[in-house]
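Here is what Swiss-Prot records for this protein:
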INTRAMEM  513-524  intramembrane segment
INTRAMEM  525-532  intramembrane segment
MOD_RES   Ser122  phosphoserine
MOD_RES   Ser600  phosphoserine
REGION    463-476  region 'S4-S5 linker'
TRANSMEM  306-327  transmembrane segment
TRANSMEM  372-393  transmembrane segment
TRANSMEM  405-425  transmembrane segment
TRANSMEM  441-461  transmembrane segment
TRANSMEM  477-498  transmembrane segment
TRANSMEM  540-568  transmembrane segment
Amino acid sequence: MEVAMVSAESSGCNSHMPYGYAAQARARERERLAHSRAAAAAAVAAATAAVEGTGGSGGGPHHHHQTRGAYSSHDPQGSRGSRRRRRQRTEKKKLHHRQSSFPHCSDLMPSGSEEKILRELSEEEEDEEEEEEEEEEGRFYYSEEDHGDGCSYTDLLPQDDGGGGGYSSVRYSDCCERVVINVSGLRFETQMKTLAQFPETLLGDPEKRTQYFDPLRNEYFFDRNRPSFDAILYYYQSGGRLKRPVNVPFDIFTEEVKFYQLGEEALLKFREDEGFVREEEDRALPENEFKKQIWLLFEYPESSSPARGIAIVSVLVILISIVIFCLETLPEFRDDRDLIMALSAGGHSRLLNDTSAPHLENSGHTIFNDPFFIVETVCIVWFSFEFVVRCFACPSQALFFKNIMNIIDIVSILPYFITLGTDLAQQQGGGNGQQQQAMSFAILRIIRLVRVFRIFKLSRHSKGLQILGHTLRASMRELGLLIFFLFIGVILFSSAVYFAEADEPTTHFQSIPDAFWWAVVTMTTVGYGDMKPITVGGKIVGSLCAIAGVLTIALPVPVIVSNFNYFYHRETENEEQTQLTQNAVSCPYLPSNLLKKFRSSTSSSLGDKSEYLEMEEGVKESLCGKEEKCQGKGDESETDKNNCSNAKAVETDV
């Protein structure tokens, strides 16, 4: 053994020579691969330059795509197999050369050790080459012509070419790029194609959602209600189905729907599913500028100070008209007014025995110089002027006369002119036909009763009455059920109490229709006491009637109250919701060009270290500019100081 060792050392052979030689062989192989790759890259660059030089006269970009496609269309498996076979032949030659060069070292080397090491080396190099080839194929760019007309703009990546937008010829991987959305610390992950279904929404529009992008974490951050976002994301995943979570209040979820800009149609459909009727409010304005100003002046009191003043005058006139309508029914005013109307109608024969009739007749009192008539005339003049002006300036005559408020205006004005025409006709008749005059007098009283509808004119200037009207209109289904239940209960219990009290001679229920009043009063828990059962059977029926009335009324009332709360909160918080939506901004310290860069990024993670360092440098430059600006101002506000301190904190995090 010692002789073998001496002979080995004398021949210059090291016992560890196979491992050292393997390291040298590995280094030479890497050098050879580097030279071969450099030569291949130079060949590709030369071919590309030649193609670009020949394609300048026409169809250059198209020819470039074809050449690139030709490079990518060769068989990668065949090229890898041929390279592997060449390497194996080269390694066999090298192994044979080493065995012939070191004949004395063959006894010292383990059998097959060098061949095993070279085989491992070749396998590692093959793996590295395959990974590099896959990366080369991953960077391949497909043109729109390669994929036909099926390529849409939603399948292309946005790019920043200095012109403010556009799309590059890079396709998404079948639109399966993933995006991370952070809602108040709760992370959601979805695909880009899911959001692209609704490009008009906040999440579907790349331009809109860019302001909420956080490049440090490569995600979109929204400081919004977390439970609501489950339904918002499901809206995109389901293709347009919007369902409110059970644990989210209606008004909060409505705010979230408006913030994410799902659209008015989606909001109306959601409200219909919740049980609210679709509102048909015409907010159109006249095209003529003069008519537009008049329309705003009389229709929208909140539009300007003069419009508010006109609204106040209109409310005062309505109140005066209602007060006059009530005061003229007092006994001391009613007698004189009836006598005046009778004298105006020519009814002298009916007033001969009345002591006040000669006094009124001699004093010259007529209906035209009555104080109530004069005040009412002034009110009617204002109502007529307001109605004519609004009719002149309205955007659409058809919609104007279909509006319920305008119909109320007409109904409140017409009785005055009918009364005036009737009085003039009776004066010209000269008092003939007392029966006809009495009938006209009764008709005038009924017409004067219609003037009570003027109180509904206040709803034009009262938010509370408008909310009540919207509530009743939205609760028509529940009100119909309530009336139907009451109708059934009235019929059932009035019949029962009639037959229960049939044998009692002193009963108050002479017939079933007579018992209707008692059943209604009992079911509504009013109980006037004018009609009551006497027998034991009648009292049992009355008890059941009261219990059934309580249950019948209690069932639909919560829905009506819920509708009222919704309309009340919507009217009082509409402006606050708009301000919250408009004031939602993104991080102010990120430069716009940096956001555009990350918006055009094709990866859902930072990945490349150079991109991360470039992003870090851009953020620092922006923060340094903010800091210098803060330090340069001697009288900065408290908000600026806080912003500067926040800038330093963000810079430290970066």
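The backbone N, Cα and C atoms fix where each Cβ goes, glycine too.
For the transmembrane segment (477-498), the partner stretch with the highest count of Cβ pairs under 8 angstroms, out of 372-393, 405-425, 540-568, is 540-568. Residues 486, 489-490, 493-495, 497-498, 531-532, 542, 545-546, 548-549, 552-553 of the same chain sit 6 or more residues outside the intramembrane segment (513-524) yet have a Cβ under 8 Å from a Cβ within it. The list of residues near the intramembrane segment (525-532) in space but at least 6 beyond its ends in sequence, with Cβ under 8 angstroms from a Cβ of it, reads 508-509, 514-515, 517-518, 542, 546, 549-550, 553. Over the region 'S4-S5 linker' (463-476) the predicted model carries a mean pLDDT of 84.
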